[in-house]
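Straight from TrEMBL, the features:
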- 498-509: compositional bias 'Polar residues' (COMPBIAS)
- 47-474: domain 'Major facilitator superfamily (MFS) profile' (DOMAIN)
- 480-509: region 'Disordered' (REGION)
- 46-69: transmembrane segment (TRANSMEM)
- 81-104: transmembrane segment (TRANSMEM)
- 116-137: transmembrane segment (TRANSMEM)
- 171-192: transmembrane segment (TRANSMEM)
- 198-219: transmembrane segment (TRANSMEM)
- 273-293: transmembrane segment (TRANSMEM)
- 363-380: transmembrane segment (TRANSMEM)
- 386-408: transmembrane segment (TRANSMEM)
- 420-440: transmembrane segment (TRANSMEM)
- 452-471: transmembrane segment (TRANSMEM)
Amino acid sequence: VRTELEPIELEDGAAVPKEFANPTDDTFMVEDAVEAIGFGKFQWKLSIITGLAWASNYAMEMMILSILAPQLHCEWRLPSWQVALLTSVVFVGMMSSSTLWGNISDQYGRKTGLKISVLWTLYYGILSGFAPVYSWILVLRGLVGFGIGGVPQSVTLYAEFLPMKARAKCILLIEVFWAIGTVFEVLLAVLVMPTLGWRWLLILSALPLLLFAVLCFWLPESARYDVLSGNQEKAIATLKRIATENGAPMPLGKLIISRQEDRGKMRDLFTPHFRWTTLLLWFIWFSNAFSYYGLVLLTTEFFQAGDVCSISSRRKEIKAKCSLTCEYLTEEDYTDLLWTTLSEFPGVLVTLWIIDRIGRKKTMALSFFVFSFCSLLLFLCVGRNVLTVLLFIARAFISGGFQAAYVYTPEVYPTATRALGLGTCSGMARVGALITPFIAQVMLESSVYLTLVVYSGCCLLAAVASCFLPIETKGRGLQESSHREWGQEMVGRGSHSPEVTRSNSGSQE
């Protein structure tokens with residue numbers, strides 16, 4: 001493989017300053033530079049900016065759905081199916097665009113894809129506040145969902161600047177911004193809704209995206225992407241900038257450039273090496289979203305009934321009900337939303353503690369298994385207090401499984417298809433989110449036990465799928481090229497002599 005790589009001199013042959021040089025190396029790859037530079041001031045800044053995108057472009061816009069729907073139901077006298085459609089159209093937009101944003105990020109750069117998606121969401125988010133009728137807001141919120149589908153690319157960009165030891169912890173900490181964003185949205189709704197109304201809530205909720213759009217000018221393009229696309233000078237400049245900000249040494253010598261590859265091609269996800277991984281990850285992401293959003297919907301139903309057995313035993317009186325009857329959200333409702341959101345934090349802490357101890361695959365499997373087990377325990381007609389504890393544990397672990405999937409997916413794919421791989425997985429998650437209301441609300445009316453069996457069985461299968469993933473990414477570097485065996489960048493790097501490298505390459509072949 002090394003016979004097809006080209007060495008590049010730094011700045012037309014100029015030597016790297018001694019304080020940034022490691023005299024034992026004569027060549028290096030991007031992975032070596034990222035590991036040598038380590039975690040520092042640059043990554044802290046990147047964490048905050050990426051977290052801002054995650055909180056404002058994802059969490060806040062998704063949290064609006066639980067606040068906007070009942071408000072429009074009352075103000076515009078919408079029937080229940082139109083209220084449900086207002087939520088579903090956002091997921092349709094996200095599902096339809098996830099693969100597209102991944103393709104754009106692999107073809108034109110992570111920064112480019114992320115910036116366009118944020119500006120798209122900002123524009124249509126503000127425009128939603130001026131929607132005159134239901135049909136307009138339906139279209140505009142669908143376009144907002146289309147933009148939100150590009151948010152996972154912030155994780156791709158972020159992961160490609162993180163050294164191996166810090167990657168899992170940092171990506172998990174980014175998930176904290178999800179909870180922060182939803183908490184902020186609830187607090188904003190408490191202040192804005194009683195006086196200014198839902199239109200101002202939509203406009204003000206989109207403004208943090210403007211701050212991120214400005215900060216995007218500080219964001220560099222991924223050095224891994226620049227190397228893959230043949231822009232080695234820009235990659236070297238980015239790496240030197242990070243080394244300067246962190247005050248850390250950078251490898252001396254020549255940057256080894258992998259041969260250029262086609263980027264963002266769907267067929268690359270189904271090569272013999274990645275076909276099984278892709279299919280299993282699609283099911284895992286589907287199950288995550290299906291179970292997470294299903295639990296959110298089920299929680300309201302269970303609390304209103306008191307316990308599971310009350311739902312299964314009650315016989316609803318047959319009487320005429322007006323589908324236009326409505327109730328505005330009260331302060332107590334907002335408090336419940338706030339407490340529900342806070343349940344995300346234990347999931348982050350548990351996942352953070354175990355993901356580097358037992359590995360990514362086992363962490364996802366454990367999360368699914370605990371959720372499935374808690375779902376089965378609901379069959380026991382537990383009281384409200386025990387019900388609350390079981391739902392709290394189930395939500396903590398299913399959110400933790402989501403976070404583990406966000407760590408694993410960028411690590412398992414090579415740079416050429418990393419954004420597309422994450423984008424397609426995100427799209428499959430939206431399919432699960434679209435289907436789950438029909439289970440958690442429609443099927444629940446027929447049989448609460450069958451509903452619980454569906455969620456429990458789905459997560460049990462997802463736990464098995466996690467165990468069958470062929471690659472464990474714990475302790476591995478990010479793969480640069482799809483033409484190499486997985487993790488080869490981190491194997492045999494102690495010697496950089498061409499003879500040793502060529503010998504290793506021959507043994508791989």
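Using the three backbone atoms N, Cα and C, a Cβ is placed for every residue, glycine included.
Ranking 81-104, 171-192, 386-408, 420-440, 452-471 by CB pairs under 8 A with the transmembrane segment (198-219) puts 171-192 at the top. Model confidence over the domain 'Major facilitator superfamily (MFS) profile' (47-474) stands at 79, taken as the mean pLDDT rounded to a whole number. Looking at 116-137, 171-192, 273-293, 452-471, the range that has the most CB pairs within less than 8 A of the transmembrane segment (363-380) turns out to be 452-471. Long-range contacts of the transmembrane segment (81-104) within its own chain (CB-CB distance under 8 A, at least 6 residues past either end) are made by residues 61-62, 65, 68-70, 72-73, 112-113, 116-117, 134, 137-138, 141-150, 152-153, 264, 266, 419-424, 426-427, 430-431, 433-434, 437. Ranking 116-137, 171-192, 386-408 by CB pairs under 8 A with the transmembrane segment (46-69) puts 171-192 at the top. Long-range contacts of the transmembrane segment (273-293) within its own chain (CB-CB distance under 8 A, at least 6 residues past either end) are made by residues 364, 368, 371, 395, 398-399, 401-402, 405, 408-409, 412-413, 417, 421, 424-426, 428-433, 435-437, 439-440, 455, 458-459, 461-462, 465-466, 468-471, 482, 486. If one looks beyond the transmembrane segment (116-137) by at least 6 residues along the same chain, the residues whose Cβ comes under 8 Å of a Cβ in the stretch are 53, 57, 61, 72, 76, 78, 82, 86, 101, 104, 143-144, 146-151, 153, 199-203, 205-206, 209-210, 212-213, 216. Taking Cβ pairs closer than 8 Å, the transmembrane segment (171-192) reaches residues 47, 50-52, 54-56, 58-60, 62-64, 67, 155, 158-159, 162, 200-201, 204-205, 329, 331, 334, 337-338, 341-342, 344-345, 348, 351-352, 355, 399, 402-403, 406-407, 410 in its own chain, all 6 or more past its ends.
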